[in-house]
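A.B. asks: OK, TrEMBL features for this one:
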- 175-331: domain 'Nudix hydrolase' (DOMAIN)
- 139-159: region 'Disordered' (REGION)
- 1-27: signal peptide (SIGNAL)
Amino acid sequence: MPLPAGSLRRAVAVLSLSVLLSARSAAQRRPAHSNSSANCWSHLHPVNMFNSYNVKFYHSKALTSPYPGSHVERSQVPEDKVGWLTEWKDYNPVEYTAKSVLSGPSWADPQINDEGFSPKFNERDGEVERKSLNGLYVVENGRPRNPAGRTGLTGRGLLGRWGPNHAADPIVTRWKRDGSGNKVAHPVTGKNILQFVAIKRRDCGEWAIPGGMVDPGEKISATLRREFGEEALNSLQKSPEEKAKLEKQLHKLFSQEHFVVYRGYVDDPRNTDNAWMETEAVNYHDETGETMDNLPLEAGDDAGVVKWIDISEKLELYASHSYFIKLVTEKRGAHWSEDPGPECHE
């Protein structure tokens, strides 16, 4: 059956992202960081493919073993059997949900068969958003089915929600300026250099966008602002007076013009057949630099260090973060690479 117009537009957007990511990953393929801390794994590149009217996703990180934070080995899934449309009668995935999830924290669902638990998948379920950014997903035997295909593991692993688990990534940028306040251009390309606020995570030591999970009932815009405040400004440790002042300045920054860099499924080592990560990355740009000049950067609990970093292709950021940042430079007409190279038109 043909996709609705809105779904088709999303699918085409997914295709364009796939082509660019495929070209980039082929040149810069890295081994999976299977021993990194689980908290770093919410930002891995979304690799998607579109074929005719059937939307498909290809994932690789979601097939890695051992499963994060455990010794659990996934069942092996050959590349040609990842997609659900490929019949595989002998498919025998491992069932695993972490004890930290089963202990019943506020951010996690109960087990699917628990008495009184009747989740409404593919819609907003009370305060919990169970709609996917990529459209409808299949629910089979009472469990949501990962739209990207088989992962070799059922249950929820480390993820709290059955189905989509929503995150948000605020990319806060400004122009690099000299001592006189003038924009600094790159000596080779002549393009102005953009900077963004990056955190170095305590858990895995990687530089990253200061993002996090969307709380129940919380709007994405609120998550973006809250996570930036907590991780880049250490807002949780501020006095009520300091917090009120920060909130006012954050409101000014996050009320400015912004654009959505990416929305959708994320290929993540924590994903299972029944639970997966999705994110929305949004760029907030401080054109004059005046707003951020009044916001003192200070690392929060999850961050070891926070600072402004010059943007270029030489940045060593975790997986999809580099790609999201590259999209921002294209939007802003900023410097990215000394060697522009041919564009990919596959």
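Glycine is treated like the rest: Cβ placed from N, Cα and C.
Automatic, uncurated: that is what TrEMBL annotation is.
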A.B. asks: Over the domain 'Nudix hydrolase' (175-331), work out the mean pLDDT and round it to an integer.
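C.D. replies: Across the residues of the domain 'Nudix hydrolase' (175-331) the model's pLDDT averages 88 on the 0 to 100 scale.
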A.B. asks: Residues of the same chain, at least six outside the region 'Disordered' (139-159), with any C-beta under 8 angstroms of its C-beta?
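C.D. replies: Beyond its ends, the region 'Disordered' (139-159) has Cβ neighbours at 38, 48, 55-59, 62-63, 65, 67-69, 72, 74-77, 81-84, 88, 91, 93-98, 100-101, 108-109, 112-113, 121-122, 130, 132, 165, 265, 267, 270-277.
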A.B. asks: What are the DSSP helix, strand and coil residue counts for the region 'Disordered' (139-159)?
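C.D. replies: Taking each residue of the region 'Disordered' (139-159) in turn, the totals are 0 helix, 9 strand, 12 coil.
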